[in-house]
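Notes follow the structure.
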Amino acid sequence: MFYSENYDVIVIGGGHAGTEAALAPARMGLKTLLLTHNIDTLGQMSCNPAIGGIGKGHLVKEIDAMGGLMATAADQAGIQFRTLNSSKGPAVRATRAQADRVLYRQAVKVALENQPNLDIFQQEATDILIEQDRVTGVATRMGLKFKTKSVILTAGTFLGGKIHIGLDNYTGGRAGDPASIALADRLRDLNLRVARLKTGTPPRLDARTINFDILAKQHGDAQLPVFSFMGSVDQHPRQIPCFITHTNEQTHEVIRNNLDRSPMYTGVIEGIGPRYCPSIEDKVMRFADRNSHQIYLEPEGLTSQEIYPNGISTSLPFDVQMKIVNSMVGLEKTRIVKPGYAIEYDFFDPRDLKPTLETKAIKGLFFAGQINGTTGYEEAASQGLLAGINAGLFVQEKESWFPRRDQAYMGVLVDDLCTLGTKEPYRVFTSRAEYRLLLREDNADSRLTPIAHELGLIDENRWARFNQKMENIERERQRLRNIWIHPRSEHLDVINEVLSSPLVREASGEDLLRRPEINYQILTALDLFKPAMDDKEAVEQVEIAVKYQGYIEHQQEEIEKQKRHENTAIPDNFDYTLVAGLSNEVRAKLEQHRPVSIGQASRISGVTPAAISILLVNLKKQGMLKRGE
């Protein structure tokens, strides 16, 4: 039986990828359907209750700059906000929010249910209808079929999902939710490469049984950051602290003594887990010299008694999990309310996708999220947004769009996946981007909002606010360029008081702002350079643009230069162990493959463009580059 209405785009799955994938074409004016097995779990945070972090916060800002939901939901649900790397350069500063699971889910559900052009239907999708290598519809468990021109699959860990606790296992998409077995079987019949990955989650603890009095507190920032360019601090709910404890030798002994009951160490689990979010078993075995590991006790919400112990993801049996928890300071009498577990699931080789996230084999079929081999809410959401945009463009027979590596972290993510593929869950880091000074959190809107407006993704309020900010930036920079101070000026004494060395030649306001001891606040407190702007976002961009102007221009030149290094030779005896800045993973692959050129090195799976930039710098230092390279 076919449903009475046809849809332009159908999205399967209502997680972080599915949410953004459904909203994007709907905002573009296309009739969109979101199919989910449970409307009440839309936007569910399946693992850690947090949004953002290093690299991930950049993705959230980019999603927001293009009209996406994640940043707004985080602002409405964040119960502890922090700016990570705040003492470092602007390229690596990142926003992170501890989130209330219930508030986050509510924010997502409200946005979806009130989005024009978007319908939501609760049914498990069991088949994707295909004719002559083109998508034509979706079939559901109850036999109902929907006609469509495009399908976006965002099934997360649900495809063939298998949950492991100790040596026991059962099918499931996550704890409490069924796996998508029929759809997984159907997809395995398609001309797409499929494999298995694994991820895990820690046990949840009863806050009433934790001795917080003897634990260190971790508060959020005094000056709360905001995720959305349209957001404000007033949207944030009440802020609360996290707490810190540590594993110890007793904890590690419990783990070592029970590895024969671990599904990972007995070969029961075959899927590869995330390198940068290892289980506590892996931490203890891989870092045998460490006597302890820091564990963050993160509240799951303002009205919840559940605590998320960040750092002890495990699939060991429940009785072992209890011993692990009770071995730590402050948790001696703590009860577990939900056991930790590992989950294996199907993922598809992202090298079978176009950079638009459309499959190469089937027209109109797009993949987004964990089924492409990524890990993390933010990575999933950014893929969902990109797939949603391109599904919308596809049904309108318009030219596709995807960001370049020098344009967005979304571009880095998609290029890495579609070009290199992955054999382990992939997450974004700032170190993966070779042009990260151009890809800051603060300028995500200037990079992407004009494109979003052209694509029809943002409303006129956001567009007007963006243009006002851009005008404020340009007006203020022009004002500072036009104000000059001379060595014989009457204002000289006052200005010299804030300078590390006296002024000996004329300087503009921008010249002074470039000096390391001067910031915008100090400069505009001086009578000559008053008044300061009220637009704090514009102030931040003015200061960064002025102080880092030379570096920014250099990176823009590097973008053009990078294209010329395809045939740059690497000596046979080149010693990669002497190259500072390469990760152990990249160094091992270069040693193994011994590439003969930069071009060849760049195509080795796992060797990032950032690593190529480091190699080029070292080759230049050693006089191995020809003039002009």
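Along the chain as shown, residues are numbered 1 onward.
Quick reminder: no glycine exception, Cβ is built from N, Cα and C everywhere.
What you see is a predicted model, and the numbers here were worked out from it, not measured in a lab.
The FAD binding site annotation in Swiss-Prot covers Gly13, Gly14, Gly15, His16, Ala17, Gly18, and the record cites sequence analysis as its basis. Spatially close to His16 (FAD binding site) yet at least six residues away along the chain are Gly43, Met70, Gly369, Tyr377, Glu378, Ala380, Ala381, Gly384, judged by Cβ distances under 8 angstroms.
DSSP assigns Gly273 (NAD(+) binding site) to coil in the three-state reduction, placing it in neither a helix nor a strand. What Swiss-Prot records for 273-287 is NAD(+) binding site, and it gives sequence analysis as the kind of evidence.
Arg275 (NAD(+) binding site) sits 22 Å from Ala17 (FAD binding site), counting Cα to Cα. The Cβ neighbour count for Gly18 (FAD binding site), using a 10 Å radius over every protein chain in view, is 30. Within 10 Å of the C-beta atom of Met285 (NAD(+) binding site) sit 17 other C-beta atoms, taking all shown protein chains into account. Sitting within 8 Å of the Cβ centre of Gly13, Gly14, Gly15, His16, Ala17, Gly18, and not among those site residues for FAD, are the Cβ atoms of Val11, Thr19, Glu20, Ala21, Thr36, Gly43, Thr154, Gly156, Gly369, Ala380, Gly384. Within the set of binding-site residues (Ala17, Cys277), the lowest number of other Cβ atoms found within 10 Å of a Cβ is recorded at Cys277. Within 10 Å of the C-beta of Ser279 (NAD(+) binding site) there are 27 other C-beta atoms, taking all protein chains into account. Among the binding-site residues listed here, namely Gly273, Ser279, Glu281, Lys283, Phe287, Gly273 has its C-alpha nearest to that of Gly18 (FAD binding site).
In this structure the C-alpha atoms belonging to Ala17 (FAD binding site) and Lys283 (NAD(+) binding site) are separated by 29 Å. Between Gly13 (FAD binding site) and Gly273 (NAD(+) binding site), the C-alpha separation comes to 22 Å.
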